């Protein structure tokens, strides 16, 4: 027997197949279709009820076959037509047909173009044709029997089973017409599931279902195997590839598109099997797509361990989400992740590569460093060996690489030392601060006016989205004083260093931290340390306590023998996040007041059900919640002022005013309700509202000749607006505005008795104007205060906020626990946390698990805003009522006015403390001495 190109038609299988076809139509085995079922296939009326007409039976049969079985009766005009109405094409082109010669070799058939075709077999049509069709079929069967051919042998010969039939033009045309017609699909359906009468009680004839199932199964296996081979390159990774780009290159939507294109049959099958018909109609949001893609990834990983793109990503994600080693190995056994051992070894490799990269980067680009204290919890896993408590204090450090920053040359180091000596002899004076404050006040008021305007535009009732002048340039923010550039080329890159088991809470601890940092960054050996002291400048960013201790170390080392031991190359700079937090705590302390105070914060906290804010603090999320509440309170005040200043009780009516009118009203609002001038305008010259300047007491207390409520409300709006002007300046990178606000903040801290930040602001202003060369001062403003990790216009953030985020990642987000987790292990793990942070964000974005944390505005905030507005309007706190007083304990001090009177004494104390002689000697120990390996001699 001749073979076939399909693997299912093997030589051993064909005789059985042909015998089955012959038995079906032989007179001796009619029962293969079931008793009496053969006539059902020939006559549509054999199973009809006696009372039903032939037309009714035909209609029912046609409906059943078309709607249930998926095929229909074909007329004479449709028989032999190709799919989609295309013209008949030969089926033996491009080597598709195989020539079965007697010696078993396959030859290319001749072209079938121009071949003539025979008459097409008529398809069963109406009821009148049934008899003629039946007799024609009987004649054909008799003819086949006379020729000693079964139906199977006949079809095999026509279907490339006979060399002459394969090359015969008539056979070619008939074969092509049949195999490309809809009738072929309908016949397959009948063979697989033979039809039967609706009223029949007999079981359905088996037909060719068993053979077709075997064929479909084997063919489907081949199709799926071929499609999985197409997916192999998509999921395959290089064995040693641990780069961030490679690990985050997997995206579910892109992978789905690739699967649909390269494995359509496999994907459609999985989609069909994963949902029921009811689910496909009912489910509008839930989708099994990601689960199916995971299944395909697991299958590919089982076929080749190099197809592990998703497994690598999930391994690092689960590792740094605290998954236990046993659970990790369980996921690996399921094919979802790499093994725990592989992940641990990969982390060590990535850590070493990260440290090598940071050392390389700081040689090529400008950089700054920051560090902060760290307290880690250690669980007890074995009571016998873990009884002794471990010191859980350590220090985390980050290096910020700034590719857009200029590299300060070796000459700047020497210029800095000379300028320091000169500047120390010329400290700031009170008149200098007054001059700076007066010069910057008009610009600050402009930004306060825009802040008041922005509150109106952001109000839900104003509906700025449909405001017809919403794109007017007058509604845009004022021109920045000095805004930092943004974009991809200005993105700063952060590197976490190895965590150090050193407590930086003391001077000795800070000395050890600085030495460890220098060692990690490659500053080792005599030549490197000499170069560091003579040619380099290292910026250290930190909180106020860290900066103050570094300065104390420099003061204690000021007479050392060389610039390296004196740490002359080091410039400490305090962070603006801690500056903002300190100012917020100052506002909290100033305006907390009593609960019966009309404008006290305590009363607002109770009204908003946020009593936990009454006790101020710096720990946890107190600062974020307090700032959000403070802004809510400011919104309520400003919107009430808008109603008064515009004489419109409804905010919606302000939509009728053009931008020029709104800007004019905003200017009037700040001048009348949020300025020092308005606050003191109603106070007579001899009246002393400031508690620091008390009038002479008399036997009977007299009512003040001004409105205490209105005055304190105005003072609060002034201070709150300036606070949020600073926050917006930091967010959008306006370092010029940040510097312009420093004199006003200085008055606040002096009046609020915050000696630490009083000294820090004086120190910064002194360095910017008297002790730093211009190149150093510009570098400090543009590259140490703020970092932009996104490149967006509003993507700037203080450097110490990034440090705090790194500490949070270590302690909470990517915390590790286990019996083998110690400080050495922390030192290995933490350098790759920036990469892990990006991978975790990538996974959560792909899986959309971050949505549960993305909402911040609550309906309670909106209700609280309206309640506060109603309260302010009822109490008329923005209207002057001479003689109105505040209850005892609710009168807030004016920190700015008090600071103005105390600043001169504060400057004297600061200048005395910072003035000390600095040595300029450059004596280096002999090469065989070890004294140069440590700071401070």
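A Cβ is built for glycine as well, from the same backbone N, Cα and C atoms used for every other residue.
For the ranges 892-914, 915-937, the feature annotated in TrEMBL as region 'Disordered' maps to 915-937. Looking at 622-649, 650-677, 678-705, 706-733, the stretch flagged in TrEMBL as region 'Disordered' turns out to be 678-705. DSSP assignment over the compositional bias 'Basic and acidic residues' (915-924) gives 0 helix, 0 strand, 10 coil. Per-residue pLDDT, averaged over the domain 'DUF6589' (425-856), rounds to 90.
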